[in-house]
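Below: the structure, in structure tokens.
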Amino acid sequence: MGEMTSFQLGVVGALFLSVASSVSIVICNKALMSNLGFPFATTLTSWHLMVTYCTLHVALKFNFFENKPIDMKTVMLFGILNGVSIGFLNLSLGFNSIGFYQMTKLAIIPFTVLLETLFLKKQFSQNIKFALFILLIGVGIASITDLQLNFVGTILSLLAIVTTCVGQILTNTIQKRLNISSTQLLYQSAPFQAAILFVTGPVVDQFLTKQSVFAYKYSPIVVGFIVLSCLIAVSVNFSTFLVIGKTSPVTYQVLGHLKTCLVLGFGYTLLHDPFTSRNIVGILVAIVGMGLYSYFCVNETKRKQVGDLSFMAQVKEKDTTAPLLAGKNGQVKENNSLV
């Protein structure tokens, strides 16, 4: 029971860290890109990952965690896949309307459920599916304003969905199958993620913004916000791997939509973004969906724990009674004792 309580506290801590750091970085990046005119999102992400790796390297030198060797091919492919997924998401936003981009992000949950069901044989109850449906409807109402389709944008969105889903499923699977921590996996994969984005980022950003990151005039306040964004990103990247490792890719996506609702609320409160009754209704519906998802997940986890304890008790009972009943070859002994 003590181990279970500490695990649950760890999950709650990871979820809180993920929400707090993600909302903080969205507000920081919005100020950097919208107010200060720094539009190079993909290049900025590569800097995030490089700073994350350097921070973890320093932490390793101070023995904050132990490095565990992982097959280089696995780490390299995993890192490149995650880097490519970020590039596709940014390209999807560049080629599509904001409404279609939000639809792309919403599609990640059902596609993840489909992939885990087909390839990992994971079962999702009808209650969980219903809660996810309510959540997606709510986020859709709150965030989707227009849907403008084009062929190239649709292809890029599909590629973004596939690479993001596979990357997040692998984040969970690698940690559990290789028995490594989120910190160990992030430390070894971050250089490859950073490298692919460091090379492709300036090209992608110039294609989308018609500006060069190398020709941009960096003022002290812009540099300050970039440094702040990179520091917050360390927490974002760490909490992402931590949440997916401790829960599941689907739960991480549910958490992501909670962040969307919070960002909409903070945008209205702090940045005075437009906010309509449709946004309010959508956020309330999404919160109901998240509440149902959490409730059903907790109940199913408790039922599984009770079932596991019952099974272990039965096994223990069989182990303790077997020597008293069975003979040398497993045959039942006769009671020949005198009364």
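Including glycine, each Cβ sits where the backbone N, Cα and C put it.
Quick look at what TrEMBL lists:
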DOMAIN    21-294  domain 'Sugar phosphate transporter'
TRANSMEM  38-62  transmembrane segment
TRANSMEM  74-93  transmembrane segment
TRANSMEM  127-145  transmembrane segment
TRANSMEM  151-173  transmembrane segment
TRANSMEM  185-204  transmembrane segment
TRANSMEM  216-238  transmembrane segment
TRANSMEM  250-268  transmembrane segment
TRANSMEM  280-298  transmembrane segment
The transmembrane segment (250-268) vs the transmembrane segment (280-298): 3 or more CB pairs under 8 Å:
yes
Which stretch, 38-62, 74-93, 127-145, 151-173, 216-238, tops the Cβ pairs under 8 Å count with the transmembrane segment (280-298)?
127-145
So, do the transmembrane segment (74-93) and the transmembrane segment (216-238) meet, by the test of 3 or more Cβ pairs under 8 Å (sequence gap 6 or more)?
no
Stretch contact, the transmembrane segment (216-238) with the transmembrane segment (38-62), Cβ-Cβ under 8 Å, 3+ pairs:
yes
